[in-house]
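If you check TrEMBL, you get these features:
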REGION    1-23  region 'Disordered'
COMPBIAS  10-21  compositional bias 'Polar residues'
DOMAIN    28-132  domain 'Serine acetyltransferase N-terminal'
REGION    259-281  region 'Disordered'
COMPBIAS  264-281  compositional bias 'Basic and acidic residues'
């Protein structure tokens, strides 16, 4: 199938209605299979791989479970065991499937390097780590902590992404590149959040219990940013690359630097109207920030 035919298919609008959501899920799966057929025809060396990971499966849940099982297996943690574990989770909890579809859409819409949904499904380790963590989180909630922690360890080993199984993650989340991301046990990540590589959502080392950041909906966190402690990053806020955040950040504001400070000042910080977690705008604040000098 020519590339143009795939791109000409209109993307359905995200909808919270259950029937519309099912239609969106079906549309994304159909698109993934069409992309896989196209790639298998254009690159015969990948035909067997694409057949075994995508084309031989009847649903996204089965394809994703198979792929994660093969990625995360070891000599003592068999791929068949993991496949059954993932498939049981995805089929018994529809919210896991809808979250996976929302994450696929997020990568396709926000990342210019994401060539297709199938590319994300097969190759984006941030996406794969997030889906596996959601299953580990489900196990954690079921008081199956040893298995959740074993899965957590494999995710960290294979994907270089360390997200505690107790951490809560919303939908439409993009872990872009994802290498070196660390998310602590009591952290919460909202919907439509974008997080780049080497970001830490950690504790301060001084307190226990609820000790990790709470990230609001639509937040953008730049590469190498560190957010420590039980602080709140408000809805639609932007954290600049390399920033170190130790206190709350108000909604719709931008925090940059080490230690981080608000663009526009603490008393009257500059506010933006867009949703940075979706727009992926990292630098628009610079034009209004007189301290930035080369």
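Residue positions begin at 1 at the first shown residue.
The backbone N, Cα and C atoms fix where each Cβ goes, and this holds for glycine too.
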Exercise for the section: Average the per-residue pLDDT over the domain 'Serine acetyltransferase N-terminal' (28-132) and send me the rounded value. Expected result: 97
Practice task
Sort out the residues at least 6 away from either end of the compositional bias 'Basic and acidic residues' (264-281), same chain, that have Cβ-Cβ distances under 8 Å to it, and list them.
Solution key: 109-111, 174, 192-194, 217-220, 236-238, 250, 252-254, 288
Exercise for the section: Go ahead and report the DSSP secondary structure tallies for the compositional bias 'Basic and acidic residues' (264-281): helix first, then strand, then coil. Expected result: 4 helix, 0 strand, 14 coil
